């Protein structure tokens with residue numbers, strides 16, 4: 001009882017009644033959380049009952065949800081011409097206290113990005129995603145933007161990038177999202193993108209290196225490098241170097257590099273065990289599309305590991321992620337054989 005009295009919990013008669021100094025609020029997704037104005041902290045559990053709750057149903061007729069400059073949700077009653085920070089749906093909440101699952105149980109092959117971010121408020125976070133106009137990149141951009149983050153879609157094709165922006169805005173007209181030009185096959189374009197981003201004078205909390213080509217025919221970029229190697233690895237490597245200072249100033253920050261399980265099926269060393277640079281950007285005679293892709297993905301992982309070793313002491317972490325075997329996206333578009341293979345495998349793989 002002494003502990004309850006110290007916490008101010010003994011003054012309430014009902015288990016659901018909040019102690020002095022506490023306020024009940026909701027996130028954009030409808031999850032209930034509790035703010036303690038005396039200690040300036042928030043928590044998901046009710047301060048007395050320890051229960052977690054979420055609102056049930058949509059907003060009443062005439063109500064609209066808004067977000068203020070501090071990222072806090074408030075509500076507008078257009079019929080009675082008033083605003084309030086109290087969610088009108090709080091009168092209809094349901095308890096959400098399942099047994100805490102393990103990570104493996106909670107997220108599986110059917111999980112979506114929206115489910116992973118459920119209940120998160122990313123207001124104030126700035127995110128760059130390369131290749132975000134389609135596939136995994138678009139779903140990631142949409143999910144982060146719908147949870148409040150300011151998301152920049154770094155795309156080679158600005159027309160498709162702007163279309164992707166509009167698709168996100170259709171779902172939430174107040175999403176903070178824009179497209180910027182980035183062609184990873186041009187180191188000059190990478191430099192121009194970094195300069196344009198820095199001119200915005202905003203932090204960078206998350207950099208997702210997602211763009212990639214797969215099964216592409218051999219060709220050289222304007223920098224005289226094999227295109228798969230430059231687009232999948234070297235362009236991202238250069239981008240991270242150019243934005244490293246912003247990431248460090250924005251810590252805690254993170255870099256996420258989308259790699260692949262196929263990194264296991266290749267080698268980039270010669271017979272003596274030394275790095276063979278000719279394997280990274282091979283001539284046309286020595287080129288095989290699948291092998292070039294695998295090597296670029298191995299470079300992704302080696303880069304991510306070393307980047308994390310160097311920058312994690314400064315508050316910037318780096319992780320490489322395998323998105324799933326043959327996940328159905330547009331990455332197979334370069335050759336009809338790969339398109340046929342992905343189509344046949346589609347019923348057995350994860351889709352967008």
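Backbone N, Cα and C atoms are what each Cβ position is placed from, and that goes for glycine too.
Quick look at what TrEMBL lists:
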- 16-49: domain 'WW' (DOMAIN)
- 57-90: domain 'WW' (DOMAIN)
- 1-23: region 'Disordered' (REGION)
### Query
Residues of the same chain, at least six outside the domain 'WW' (57-90), with any C-beta under 8 angstroms of its C-beta?
24-28, 30, 32, 121, 123-124, 148, 174
### Query
How do the residues of the domain 'WW' (16-49) split into helix, strand and coil according to DSSP?
0 helix, 14 strand, 20 coil
